[in-house]
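Asks: Per TrEMBL, the features are:
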BINDING   21-28, 46-50, 63-66, 121-124  GTP binding site
BINDING   N32, A33  Mg(2+) binding site
DOMAIN    14-170  domain 'FeoB-type G'
TRANSMEM  262-284  transmembrane segment
TRANSMEM  335-363  transmembrane segment
TRANSMEM  383-405  transmembrane segment
TRANSMEM  417-440  transmembrane segment
TRANSMEM  446-466  transmembrane segment
TRANSMEM  508-530  transmembrane segment
TRANSMEM  575-596  transmembrane segment
TRANSMEM  605-625  transmembrane segment
Amino acid sequence: MSCHDHGPTEVDAEETIALVGCPNVGKSVVFNALAERYVDVSNYPGTTVDVTEAAFEDAKLTDTPGVYGVSSFDEEERITREIVLEADVAINVVDATRLERDLFLTLQLLDMGIPTVVALNMMDEADADGIDIDAETLEESLGVPVVPTVAVDGTGIDRLRARLPEATAPESTPIERWFDDLPEDVGATRAEKTLLVEEDEPTASQVADGDIVADGGALTFVDAGQREDVYTHRRRRVEDVVADAVARRERGSSWAERLSDYMLNPLTGTPIALAMLGVIYYLIGDLVAQRLVDFMEVTVFGAYYNPTVESFVGGLLPNASWAEPIEFLLLNDNLGLLTITVQYLVGVLLPLVVAFYLVISVMEDSGVLPRLAVLTDRGLTRIGLNGRAIVPMIVGVGCVTMAIITTRMVGSRRERLISTGLLGLAVPCSAQLGVIMGLLAGLGLVWWFGYVGVLLVVLGVAGVFLDRTLPGESTPLVTELPRMRVPRARNILRKTATRTKLFLREAVPLFGATALVVSALAYVGGLAAIQRALSPVTGMLGLPQEFGRVLLLGLIRRDFAAAGMTDLALGPAEVFVGLVVITLFVPCILSMVMILKERDARSALVMWLGSWIAAFGVGGLLAVVL
Ligand SMILES: Nc1nc2c(ncn2[C@@H]2O[C@H](COP(=O)(O)OP(=O)(O)OP(=O)(O)O)[C@@H](O)[C@H]2O)c(=O)[nH]1
Ligand SMILES: [Mg+2]
């Protein structure tokens, strides 16, 4: 999932093939392999939140959010349910190491009569876990093609493609005994009947709306359902199928399991987490920020690019008074469009952002990130969020805008508000973190830990505050931890490249426009006026007036603000205060648009204004203390 890549391309095709499966089983990897189009792949449940379509042979292939069953209890399930009901064929991806869990959905698809091919994925891990699966036996008991795959290295994908035409569903399944409870003349398809006896409300009202049954509305069907019975019976069938097809070998615990245990135990997990923060800091802060960015700023831009552009463009423009403002807009040494703006984007933001995307991708794909989140989960539960809220927070470190979409999957409206609020307030995105780490690197490791500490405290306080003030109770819900995996270089690079492209596509025009506005303001003296007007605030923060310009940039995007801080001459404490302020400051403009879209205008306004208070309150406090 990447920033703002959520305009699905519509594909026109007769036949639709849907990839369906539990969360984190490899659906998106299979999608990428079949459709040669990249959708985000990450090692945690909930990576895919929307539907992506692509052309595949003569059909339309759709990637769906992971679900444990076809039903309508949450947003993902509703999205996936729609797709499944319309699909001509389902490719049901199952995790070979978790068949007891995954085959429930498989049997449901077959009960619904949807022509299915099963991709028995993660065969490599099943093997490592000592799980032997007899795919032929499985195929016989299910009555549909079963193709073993290792999607990440392409094993079995050709076979899967070849067997797609064999997609089928058994003539009859045990679900039918419940169909008798439905009204005689219910004009529903087999899939709808299955959902009806499972008490699926949308299906009940759809069927009733269609006036297929003369009397009685949706409730008639819901009452007729026997969800518990159906589910229990289906689970029992899953057990039988697994008992027939699966044998287990003895084996010791693997490195991944041991490492996972260490990471989750607070005693060992905390030092591991701190060590990792340290490593990241040296990688990005020292290697990239100190060496690469310095080299870019001082040598590439300072010594070559800027002087060359200045003399070249300066030479092109005539020595007339009308040319003066143009020259100022293009070349001024505050935020000239062709000089400093390019330097910020290419010399500062780009290297740091790419480096950070790389690090985040490794942490996502290894399974480290969710474990870090679980370590802090106790805190999260205390602040009124359920376990699922972890995912938006993780995604937020990649891109806050994107994470706001992910909050859809967080239980109730109350929890969505809390997690959106926290995201907007105190979760810095990678673009911004990259630059921030770069700035902190000049100061030393202590400041970096201090920065993370301050953010955690703010998150905690804000969370408790929201928890107390918003009406309602939070529902506890446990997320499944993905397994620890060695990240694949290919996926890391592809994901980083995709995210970088999106970053540039969004940041370049936005930064260009912002630079022009700020320069124009500066030319007419407006910038100085604004900075003077803001001087009580900047003064309270112990920062020079020029920090006003940083705040202006921060109104657009927080990473721009961070970049704008790189050339202010500040002491360590001032840099620290400045960074905390811009982190807590208003969410970037696109995040605001997303908050408006996903939540409502009032919450958006409250969040926007609240972030001013938080930023200057905490910043002011720090300025006094430091
Ligand atoms: N070892 C191994 N890892 C795999 C295999 N297939 C997928 N993965 C990994 O499993 C993780 C999840 O893959 P995704 O394709 O994002 O899973 P998904 O089903 O789309 O997940 P959601 O979108 O969250 O529902 C990634 O880290 C993949 O690299 C496989 O066959 N073997
Ligand atoms: Mg996916």
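The backbone N, Cα and C atoms fix where each Cβ goes, glycine too.
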Asks: Might you confirm whether the transmembrane segment (335-363) is in contact with the transmembrane segment (508-530), defined here as three or more C-beta pairs under 8 A between residues 6 or more apart in sequence?
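Replies: Per Cβ check, the transmembrane segment (508-530) touches the transmembrane segment (335-363).
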Asks: List nothing but the one residue from A33, M122 whose Cβ has the fewest other Cβ atoms within 10 Å; the candidates are the binding-site residues.
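Replies: Result for the binding-site residues A33, M122: minimum number of other Cβ atoms within 10 Å at A33.
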Asks: Sorry to bug you, but what's the C-alpha spacing from N32 (Mg(2+) binding site) to N24 (GTP binding site), rounded to the closest Å?
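Replies: Counting only the Cα atoms, the answer is 14 Å.
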Asks: Should we count any of the binding-site residues K27, N32, T47 as near ligand 1, judged by a CB under 6 A from one of its atoms, and which?
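Replies: Correct list: K27, T47.
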Asks: If one looks at the chain holding G21 (GTP binding site), which residues at least 6 apart in sequence have a CB under 8 angstroms from its CB?
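Replies: Correct list: K27, G66, N92, V93, V94, D95, D102, L105.
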Asks: So what's the average pLDDT for the domain 'FeoB-type G' (14-170)?
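Replies: Overall, the domain 'FeoB-type G' (14-170) comes to a mean pLDDT of 94.
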Asks: Should anything in the same chain at least six residues away from the transmembrane segment (575-596) have a Cβ under 8 Å from its Cβ atoms, list it; otherwise answer none.
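Replies: Contacts with the transmembrane segment (575-596): 3-4, 400-401, 404-405, 420, 423-426, 428-429, 432, 436, 439-440, 442-443, 447, 450-451, 454-455, 458, 506, 510, 541-543, 547, 550-551, 554-559, 561-562, 565, 568, 603-604, 607-608, 611-612, 614-616, 618-619, 622-623, 626.
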Asks: Round to the nearest Å and give the CA-to-CA distance linking T47 (GTP binding site) with A33 (Mg(2+) binding site).
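Replies: For T47 (GTP binding site) versus A33 (Mg(2+) binding site), the Cα atoms are 17 Å apart.
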Asks: Where the criterion is a Cβ under 6 Å from an atom of ligand 2, which of the binding-site residues G21, K27, T47, D50, P65 meet it?
Replies: K27, T47
Asks: Which range out of 262-284, 417-440, 446-466 gives the transmembrane segment (335-363) the most CB pairs under 8 Å?
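Replies: Comparing 262-284, 417-440, 446-466 against the transmembrane segment (335-363), the winner is 417-440.
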Asks: Can you grab the distance from P65 (GTP binding site) over to N32 (Mg(2+) binding site)? Cα atoms, rounded to a whole Å.
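Replies: Computed Cα spacing between P65 (GTP binding site) and N32 (Mg(2+) binding site) is 15 Å.
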Asks: Give the number of CB atoms, excluding that of N24 (GTP binding site) itself, located within 10 Å of its CB.
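Replies: 25, counting other Cβ atoms within 10 Å of N24 (GTP binding site).
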Asks: Roughly how many Å separate the Cα of M122 (GTP binding site) from that of A33 (Mg(2+) binding site), to the nearest whole number?
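Replies: That separation, Cα to Cα, works out to 15 Å.
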Asks: Cβ atoms within 10 Å, counted per site: which of D50, P65 has the most, among these binding-site residues?
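Replies: Most Cβ neighbours within 10 Å: P65.
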